[in-house]
């Protein structure tokens, strides 16, 4: 038997617990990557204990190989080996939610026609048992002609049987190369379901009713009025938490960074190296690192909402409302993901079947306030908005942040409406949204997800942000000020010159040249604006930076700067992903142009209004 | 026992009904066959029993139903394709 790499793929309906199964099988060895040529995240992990090298691929959830939305097409293309440079997988591990077995088995029967070795994992076996569903796995296995194992992905020992089935498969299966052809649909859907009913009749006994608490919860969550109130409360709580709960940890990181700067400063002799390490490296990287707690809290909310099964309900509630501006409930999930980062948000628009709605969602999703804007907002709000409580519960800083989020959402709605007002809103494409069972988010799975997100952020800090901090420090340091300089040294540097070159363009907005210079590196990553400001003002630590801004900026200008960041497409990765996902230069130019125009106009308006009011 | 065929979107909340047909609907234009197929793939087949569990805020749209133990959200236009006979309460 050859010892070549054996490739397993996890296939199943959306929400059947595939990702939890993936995490349990691969542990922390998983890595996130993109498919070559298309921007859909693929999660890959190595499998051990199978007696030969093997890896596992996690695929987007899919209902069918035949009728497909764009994300289901990705799953199909991977299964068939149509992805550039990748053969079809060697073994399919079909995952079926044991509490929702009928829908899952339909896909299994479709997959079986491909002729690949298969293993069937009946996931959520514990939930099925507690509902009184009993499954005769031996019988099912015999009838289907494939190994069938029960799994409980969220439990440590819940995948042992699956692992041994996979090991057995690994001993016999050969690794393959090349593509598979999708066979003609062998039988009508009706016949397929008739076969499933026969299978179920002999091997499953089920009072297939969800527990009553699920229905009671749905009565509240999906209530037309109470449900929307609950949604608003959850979102408000999320934004409040990002600000209030993160503060102590952020202060801690800030203090560590300040201490690090001082210690390094004391060790190094005065001179260029001293300045580079203290003002360039530590101030630059520390300025962004301090936002890790806020980003973790934001992702914690998003992951928990994703895991619990709540998000599709929110999409259900908002569908009619979003149709009013030419979108649909399906746009809600990409929009919500964009609060973390527009790049995965834009990628997740692949679940939108209507190409026009998908385009409008792509063009407006980056108006959702992403986590990279958070550092900029946090510093400016922290410096200019007083820390006082409103109605006893909220604090003014949290509310200001909430207002910025709302500004982004309202603008997205307006832009979508303008883009789609000439056509009948989103007609002709079905919603067909599965509302999965509620589940408690699982701690292991949750922590792993957070770790993944945190490490992506830290990698950014360690690479692009570090590099930009160094470049910025260089620009802000050279050339040195002349000996008889009367102005601060930075005014003589490249950064000073560049900022002054840009400043006339931004003069109507009230931006000074320091603010202008920070906009340039912010194109690579918005949060670098913060470290850029720290570098040009030559201060370290969030508190010190806040103080410097408060001395140098007026309130209207600070607010105008915030308004600029609400709209400006200050993110090359987003522009690149728009280009890739729309496959249209024209759409990308429109995207970049309209957002910069909006940013300029909004900043101008905010400054004028704030100046009048003040 | 009445056997009047009623499209799903006209059923009241809580109603249980048996699907008798997935009809074509001009709303979806040339995509209609695709929508029919997807509905069938998700289990909306003649003979299947469903229950209406709720509605959205505006114009009772979308509508949430349970079928084969799974819940789905459907728009009125999709629901209009699903012809049912209501079970007596």
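The first residue you see is number 1, and the count goes up from there.
Including glycine, each Cβ sits where the backbone N, Cα and C put it.
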Quiz item: Do you know which of A:281-305, A:431-455 TrEMBL annotates as transmembrane segment?
Solution: A:281-305
Quiz item: Would the transmembrane segment (A:585-606) and the transmembrane segment (A:501-521) count as touching if the test is at least 3 Cβ pairs under 8 Å, pairs 6 or more apart?
Solution: yes
Quiz item: Are the transmembrane segment (A:225-246) and the transmembrane segment (A:396-419) close, by which I mean at least 3 Cβ pairs under 8 Å that are 6+ residues apart in sequence?
Solution: yes
Quiz prompt | Region pair the transmembrane segment (A:461-481) / the transmembrane segment (A:396-419), three or more CB pairs under 8 Å | solution = no
Quiz prompt | Segment confidence, the domain 'FeoB-type G' (A:5-172), expressed as mean pLDDT | solution = 83
Self-check item: Long-range neighbours of the transmembrane segment (A:359-384), counting only residues six or more past its ends (CB under 8 A)
Solution: 242-243, 287-288, 290-291, 294-295, 298-299, 326-327, 331, 334-336, 338-342, 345-346, 349, 352, 397, 400-401, 404-405, 408-409, 411-412, 415-416, 419-420, 457, 522, 525-527, 529-530, 533, 542, 545-547, 549-550, 553, 555, 558-559, 561-562, 565-567, 569, 571, 574, 578, 581-582, 587, 590-591, 594-595
